[in-house]
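K.L.:
Quick one: structure below, then a few questions.
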There are 10 protein chains.
Amino acid sequence: MTTQPSRALETFPNPAPERDYTIHFSIPEFTCLCPKTGQPDFATLEIDYVPEAHCVELKSLKLYIWSFRDQGAFHEAVTHHILGDLVAATAPRFMRVRGVFNVRGGIYTTVVAEHRAPGWEPPVPVTLP
Amino acid sequence: MTTQPSRALETFPNPAPERDYTIHFSIPEFTCLCPKTGQPDFATLEIDYVPEAHCVELKSLKLYIWSFRDQGAFHEAVTHHILGDLVAATAPRFMRVRGVFNVRGGIYTTVVAEHRAPGWEPPVPVTLP
Amino acid sequence: MTTQPSRALETFPNPAPERDYTIHFSIPEFTCLCPKTGQPDFATLEIDYVPEAHCVELKSLKLYIWSFRDQGAFHEAVTHHILGDLVAATAPRFMRVRGVFNVRGGIYTTVVAEHRAPGWEPPVPVTLP
Amino acid sequence: MTTQPSRALETFPNPAPERDYTIHFSIPEFTCLCPKTGQPDFATLEIDYVPEAHCVELKSLKLYIWSFRDQGAFHEAVTHHILGDLVAATAPRFMRVRGVFNVRGGIYTTVVAEHRAPGWEPPVPVTLP
Amino acid sequence: MTTQPSRALETFPNPAPERDYTIHFSIPEFTCLCPKTGQPDFATLEIDYVPEAHCVELKSLKLYIWSFRDQGAFHEAVTHHILGDLVAATAPRFMRVRGVFNVRGGIYTTVVAEHRAPGWEPPVPVTLP
Amino acid sequence: MTTQPSRALETFPNPAPERDYTIHFSIPEFTCLCPKTGQPDFATLEIDYVPEAHCVELKSLKLYIWSFRDQGAFHEAVTHHILGDLVAATAPRFMRVRGVFNVRGGIYTTVVAEHRAPGWEPPVPVTLP
Amino acid sequence: MTTQPSRALETFPNPAPERDYTIHFSIPEFTCLCPKTGQPDFATLEIDYVPEAHCVELKSLKLYIWSFRDQGAFHEAVTHHILGDLVAATAPRFMRVRGVFNVRGGIYTTVVAEHRAPGWEPPVPVTLP
Amino acid sequence: MTTQPSRALETFPNPAPERDYTIHFSIPEFTCLCPKTGQPDFATLEIDYVPEAHCVELKSLKLYIWSFRDQGAFHEAVTHHILGDLVAATAPRFMRVRGVFNVRGGIYTTVVAEHRAPGWEPPVPVTLP
Amino acid sequence: MTTQPSRALETFPNPAPERDYTIHFSIPEFTCLCPKTGQPDFATLEIDYVPEAHCVELKSLKLYIWSFRDQGAFHEAVTHHILGDLVAATAPRFMRVRGVFNVRGGIYTTVVAEHRAPGWEPPVPVTLP
Amino acid sequence: MTTQPSRALETFPNPAPERDYTIHFSIPEFTCLCPKTGQPDFATLEIDYVPEAHCVELKSLKLYIWSFRDQGAFHEAVTHHILGDLVAATAPRFMRVRGVFNVRGGIYTTVVAEHRAPGWEPPVPVTLP
Ligand SMILES: [Ca+2]
Ligand SMILES: [Ca+2]
Ligand SMILES: [Ca+2]
Ligand SMILES: [Ca+2]
Ligand SMILES: [Ca+2]
Ligand SMILES: [Ca+2]
Ligand SMILES: [Ca+2]
Ligand SMILES: [Ca+2]
Ligand SMILES: [Ca+2]
Ligand SMILES: [Ca+2]
Ligand SMILES: [Ca+2]
Ligand SMILES: [Ca+2]
Ligand SMILES: [Ca+2]
Ligand SMILES: [Ca+2]
Ligand SMILES: [Ca+2]
Ligand SMILES: [Ca+2]
């Protein structure tokens, strides 16, 4: 049976590589372990990317997220780790990962990291009134 | 009787072609089928456009949206498909289609694609305090 | 008795013509008739403007809005019509009219149009953290 | 492959038949067809029940909801129909179905129907401050 | 063409007369005229009823609501008037009309009136935790 | 000119004295003075009543509320004072006044008082599911 | 100077002892110390009471709340402590204290305690539609 | 080190056993595994109880919640399981556990179960206006 | 006693004149009189400024706001008046006053005016993802 | 025992110094004393920074925030003080501190200050549609 946690992110061909466009995932069910205490940590992940040749396949993304369930991970490091894995799997034009962690000790922490392909220029946004 | 689903988008003449202006549609009743499982998918579509000579007629837009009810469609591809059809029907100065899909497997997906007519420059936005 | 619907927009002298500044009206009680079916349509109007020599008098604006109650009007055209009348009455430096129409056939429509006086440059916005 | 729409509701044995307790389902993806116009209708279903010997199996409930996709159904009648099918499948102590239909013609309609097993008395609610 | 405002409320047979159940309409597009000033008034109507033999037909309800557009009506009186007309048309077991009027002079007014058929006892509500 | 603050509450005949029904006013613009410091206090008043022979006239209610602008008033006492005046003017079957005062010293205060006519029994509420 | 934290709650005579009525305080600035760790705890207090002969004076209530700033206090015990002090100071017909504590260890805790004067019967609530 | 997941719920003596009062916990970080698929499930637990001799110790409650992280659990059964464990540990006068599970297959499920000590009568709620 | 309404705005030395930074005040308790009708008007003021040598003292700001209580004032003019007084008192690098007035005649009005010291350039905003 | 309030901010090495990225803390439990009255003040702190070589350690940040509990502090000055301490401890590329203070005298105050390392240029934001 294939529904095991897995770090193997699968992709499919970008159906519109001629365009810069945005894919956004909101993932409220991220959990890992605190490396200091071993206790569970929880976060919502918000991912935005502009695909180049490959898009992230949704089911493999779910299994990838699941794979952190038993792993110790600091807030800052795990956000970069996830960004790194997703960039390695899809080589996107642009990707942003935002980890919105649950409150600990009265403090809410959010970490946001971005990757931008060398030479890629973001399109000037069209702001309509 | 004419109320059948239909891909035939109708238009009417832009009543103010001398201006760049914005028309926005919010359509919370989009549904299609997942090509992998055959099960229904649901989304809200948000469409913004700046018309050139033609505006989308509202009733034909409703029938067009309806026409996806029995069609298999991936999130990314269907967003580009709708953008392509609307651009073909209206040749707008600018158009943006945002597909906000319902959660599947604990992940919320949004896809946003834009078309810009060759040579059209978006007006510099007037930002009032 | 003067409280009749009226297209005659009244103005008063801008008390601070030396400044670019913003006046905003939010008007949730706009209603007109659908030209195709004759049935009532409803919208909220959002108006922003930068006055030049004249400001819109509030009571006459109320009577003006009322004057559309028995008039057939398409969403796109009536938004431009209202912008045109307000510009004719006040000759503002800038004006924006946003018509946020109630849902019809499962689709919510918003139309936004702007007027900018020839030669007027919008001030660069001051964005404070 | 079993993922076809299906009226065959499956059940599993109530794990706590010694207690009156509440199971609630919120189902925002209900769609059927208007029997007058043939056009799609949309609703959110809210179901509450107190099981007797059987609980509704979640996946079969999903396929059951899907089975209305191509069926003509009036708001009032379909709410009673769904209540009837669920009661037939599970013979609950109590069941309530609420159909919250999307706006049509400027009017939002909600229909709420209940079934109560003969002789079952609802427990007096414990209201804590 | 039949889409004219009309006081003639139409009904259809209650599909489940063997049950007490609830039908709710929320109607945000009610407008009439103030009898003192002749100016437009606006309200949202919330209607709940338990049908006996007849249910209100949705399209005729829309035309009925429209029929108040040119009529002078005090907040209190028009709420009772609408309740009276709906009761006359449907002879329900129970009906409640709530008129939530827009602010005038800094005061928001709501009027709520009920009708109960002689001899009808409301079912004891089942309150689940 | 009649628009002066005034304690003289005016009434009109209850258009439906044969029924117990509810009239609610929400008044977010109440202001008076703190008797200890002389500084302004602000509150939202929420008034519910069941009229007997007389209803409160809306314009006179506005002038009545205005009449507290220059009066010193403790939170508890002014709530009872307003209830007393409204009861004296309308002799209602039931009336409730809720004063929701703005925060002072880090504490938000609300005072709620009711009047019930001797012999009046509130109708058993009809609670629909 | 009198603005010191103080356990001395002051009162003033109830201006309407002939009535059962409600006074509510919402106090979002309660802080004390955790008796186990010595670290600060935070809560919002919600207090409802029906006064007998005495009402709580607002400024002394502020100083009373302040007096817990340097005191160790468990969630359950401090809620009862505050209820006890307020009851001792005012001898109310009824009082309820709700302590809504900030999240600790991923768990939000609320404690609610009530006092009822011997022989006092709460009035049957008047529930208007 | 003691911070391991643990089923051993600890208690402390109820500081106010002379009163019926309410303790509420809201726990948004519950996660277990689906027994059918092995994939993670997520829920928010809402717990209300009236203690008898013992209160639940907060830290042990956190470790108890953690202990479900690697356990397969159906929605209905796990809600009863948690209620059973908490009742066994504290022998409360009353306890209610509400499991609000994340959406699966487009359906949101909530399960609510209660325990009531033999002979315990809930206090008649005091409802203030 | 010094707590009288007063136009005399007091200041204190800017504790960080070496930096451009933002001070924001939100003031929901502004009230003045309508110059046409003499009736009360209400607004929320939102003030942003970048201080130069002087900061506004909070208590004197409260007394200044109070000083408009008995003054007739048009929405547009009073917003400029307050901006002028605050600029005269503090000579800030930048100041913005937004008056959000309560609805009158079904129309909500907001007026926004800014002052910028000659030669002061706003810092380029740092926009973090 | 180490859980004492402490000004000693601890750091750990930035795990991704090769990138500009954002760390955000939201801290709703800040409290200090008003230097004029000695009474408690409360605020929520919002901190954003782009780390250089060092990140703020979360537990030491909690103890640092705690250290203001018994200190007199003006709103403007304490915001700069906290920014200064955090900059001294971490030498970030960029840091912003926003102090959102609770209402006093009917006025809500927010103070926002930023530090930018000499020579550091903020990355041009990538704005996706
Ligand atoms: Ca969660
Ligand atoms: Ca965390
Ligand atoms: Ca839907
Ligand atoms: Ca989907
Ligand atoms: Ca309206
Ligand atoms: Ca419309
Ligand atoms: Ca419908
Ligand atoms: Ca009205
Ligand atoms: Ca007050
Ligand atoms: Ca405060
Ligand atoms: Ca706590
Ligand atoms: Ca707090
Ligand atoms: Ca689940
Ligand atoms: Ca106010
Ligand atoms: Ca006003
Ligand atoms: Ca403060």
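Cβ atoms are placed via backbone N, Cα and C, with glycine included.
These came from TrEMBL, pasted as-is:
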ACT_SITE  B:Cys34  active site, thioimide intermediate
ACT_SITE  B:Asp41  active site, proton donor
BINDING   B:Val56, B:Glu57, B:Leu58, B:His75, B:Glu76  substrate binding site
K.L.:
Taking only the Cα atoms, work out how far the residue listed as 'active site, thioimide intermediate' lies from B:Asp41 (active site, proton donor), in Å, as a whole number.
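P.N.:
Rounded to a whole number, the Cα-Cα distance is 6 Å.
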K.L.:
Looking at the binding-site residues B:Glu57, B:Leu58, B:His75, B:Glu76, whose Cα is closest in space to that of B:Asp41 (active site, proton donor)?
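P.N.:
Of all the candidates listed, B:His75 is nearest in space.
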K.L.:
Go through B:Cys34, B:Val56, the listed recorded positions, and name the one with the sparsest Cβ surroundings, counting other Cβ atoms within 10 Å.
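P.N.:
Ranked by other Cβ atoms within 10 Å, the recorded positions B:Cys34, B:Val56 bottom out at B:Cys34.
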K.L.:
Can you name the recorded positions among B:Cys34, B:Asp41, B:Val56, B:Glu57, B:Leu58, B:Glu76 whose Cβ is less than 8 Å from some Cβ in chain A?
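P.N.:
The answer, in sequence order, is B:Glu76.
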K.L.:
Which has the fewest other CB atoms in a 10 Å radius around its CB: B:Asp41, B:Glu57, B:Glu76, the listed recorded positions?
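P.N.:
Each of the recorded positions B:Asp41, B:Glu57, B:Glu76 was scored; lowest Cβ tally within 10 Å is B:Glu57.
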K.L.:
Helix, strand or coil by DSSP: which one applies to B:His75 (substrate binding site)?
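P.N.:
The three-state answer is helix.
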K.L.:
Can you tell me how many other Cβ atoms are located within 10 Å of the Cβ belonging to B:Leu58 (substrate binding site)?
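P.N.:
A 10 Å sphere around the Cβ of B:Leu58 (substrate binding site) contains 18 other Cβ atoms.
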K.L.:
Counting only residues 6+ apart in the same chain, whose Cβ is under 8 Å from the Cβ of B:His75 (substrate binding site)?
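P.N.:
When sequence neighbours closer than 6 are ignored, B:His75 (substrate binding site) has B:Asp41, B:Ala43, B:Gly99, B:Phe101, B:Thr109, B:Val111 within Cβ distance under 8 Å.
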K.L.:
Under a three-state reduction of DSSP output, how is B:Leu58 (substrate binding site) classified: helix, strand, or coil?
P.N.:
helix
K.L.:
Listed recorded positions are B:Cys34, B:Asp41, B:Val56, B:Glu57, B:Leu58, B:Glu76; which sit with C-beta under 6 angstroms of ligand 4?
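P.N.:
Near ligand 4, sequence order: B:Asp41.
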K.L.:
So if the criterion is CB under 8 Å to a CB of chain C, which of the recorded positions B:Cys34, B:Val56, B:Leu58, B:Glu76 qualify?
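P.N.:
Near chain C: B:Leu58.
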K.L.:
Which state, by DSSP, holds B:Cys34 (active site, thioimide intermediate): helix, strand or coil?
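P.N.:
Its secondary structure by DSSP: coil.
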K.L.:
Return the recorded positions from the list B:Cys34, B:Asp41, B:Val56, B:Glu57, B:Leu58, B:His75 for which some CB of chain I is under 8 Å from the residue's own CB; sequence order; 'none' if the set is empty.
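P.N.:
Checking chain I against the recorded positions, no residue falls within range (Cβ-Cβ under 8 Å).
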K.L.:
With the Cβ under 6 Å from ligand 6 as the test, give me the qualifying entries from the recorded positions B:Asp41, B:Leu58, B:His75.
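P.N.:
None, by Cβ distance under 6 Å.
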